[in-house]
Amino acid sequence: MKREVIRCERLGVEIGGVSVLKGLSFSVAEGDFLAIVGPNGGGKTTLLRVLLGLQKPSEGVVQVFGAAPGRAVGRIGYVPQRLFFDREFPLSVRDVALMGRIALKTPFQHYGKADMQAADEALRIVGLSALSNRRIGALSGGELQRALIARALAGKPQLLLLDEPTASVDPEMKTTIYDLLDHLKSTMTIVLVTHDTGTVSRFVGRVLCLNCSMVLRENPSASPCGEAAQQVYPYPVDLLLHESRNPR
Amino acid sequence: MPDLFAYEFIRNAVLASLFASVACGIIGSYVVVKKIGFISGGIAHTAFGGIGLGYYLGINPLFGVIPFSLAAAIAIGLLSRKAKVAEDTAIGAFWAVGMAVGVILIGLTPGYAPNLFSYLFGNILTVSVADLWMIAVLDILIAALTWLFSKEFLALSFDEEYAEVSGVKTTRFYLLLLCLIALTVVILVRVAGIVLVIALLTIPAAIARVFSSTLRGMMGLATVLSALFCLGGLWLSWQLDLASGATIIMLAGIAFLLVHSGRSFISFLKAR
């Protein structure tokens, strides 16, 4: 049996008295590629924040690698939705990737040769080797997104959490990022928050549809994501269904 | 010029300028990239309560400033993070209350408060050898701590949420950074005074950022710029018989204006 990476049981989250997630139960096994879809305000980002230990659940049980969220530091790579930072921050692309190693270091340690190599390797995987000395603020939206993926990969994570990595990139870059994830899914467990209801079913193994009370589609190949998307989105959804490439 | 160094107070002033520039370059860079200029100004002004405390207790006012500004840094930091108070409201309240405490304590101190003006607006020519030692020790402490925790401070400045997710105790490091700002304020009080320190914490680093590609390079350049402003301002104030602290700040301010208007002019030319 595959190892369980994430387990949520009757998870509920309230923020400022408003129920954002309620009665959510699901589990993610090692090697899974799970997409979380749903309308804005459906709690997708909140769920990711719970898994990262940034948001405390108000009820239920959450375990990541068999421990409370926030305890599995160093095994999780995180790619935030969009990063608001100073475009003039004096920092190279390599320095940003290097930051992905911080979870593996104790406070007094400085980055060493192995860290540099891991950062360069991560930049190579996302195709940014040529830009590694460029200032981070000089990157385009798609390049920045790939730099943030490189930062997450530099720590050699077993679980990769991505929050709408394709939200601010053009269609071509979107395909590049999905191809990259498709390539990575054989080496790690991936959980992806996205609005691309059409594209995801081509790549992912499972789809979790969140609309406060959740709907879980265990197997998009047997019961296509589109059907679930129609249920959760309050408006017509553009559906492009593809033959699933990874029947479970 | 060389004969000036025959005077001990000139030698002390030059050394104090150089020491202060190191703290200024390092900590000022964090203040600029993390955009915490207002909170730093709040810590500096609250520290005036410490000056009052020093007068009241009859000790060197700088020894009053150290605990007072550290307490202010931690209190402002915690209040802005943990309490449900808007950060700028918390800072504004501390800013004024700290100064009020200083005014009341000085009022309660019998007799006349000598040199009060120099603590408010700086008088680098009054730096004593004892002050110099204190400045040097604080300098070493600031440099050592920022070197030890350079990767944590960098992660905190660039992307705090990611640092938190990566297991960095961000609140702790943020408070430590604010404490280092407080200690830098102590160093800079002699040079620029409580009211003017914020300019030295931001202007050299803000100019350095334009020309730097790494944070370390920015710190080095900010240190050099800060030393140029301090020594240049000191010399000008001597020549023109002006207040040293204010002259240093004016010099830095003019340089800041020139660099940024020059930059806008260049990008304007390029756009045409």
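Glycine too: its Cβ is placed from the backbone N, Cα and C atoms.
Features of the protein shown, as given by TrEMBL:
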- B:12-33: transmembrane segment (TRANSMEM)
- B:38-56: transmembrane segment (TRANSMEM)
- B:62-79: transmembrane segment (TRANSMEM)
- B:91-112: transmembrane segment (TRANSMEM)
- B:132-150: transmembrane segment (TRANSMEM)
- B:171-188: transmembrane segment (TRANSMEM)
- B:194-211: transmembrane segment (TRANSMEM)
- B:218-236: transmembrane segment (TRANSMEM)
- B:242-262: transmembrane segment (TRANSMEM)
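Taking pairs at least six residues apart, the transmembrane segment (B:242-262) and the transmembrane segment (B:91-112) share fewer than three Cβ pairs below 8 Å and do not count as touching.
Between the transmembrane segment (B:194-211) and the listed ranges B:12-33, B:62-79, B:171-188, the one holding the most Cβ pairs under 8 Å is B:12-33. Under 8 Å from some Cβ of the transmembrane segment (B:218-236) lie the Cβ atoms of residues 13-14, 17-18, 20-22, 24-26, 28-29, 33, 124, 191, 200, 203-205, 207-209, 211-212, 242, 244, 247-252, 255, all in the same chain and six or more residues away from its ends. Pairs of Cβ atoms less than 8 Å apart link the transmembrane segment (B:171-188) most often to B:62-79, out of B:12-33, B:62-79, B:91-112.
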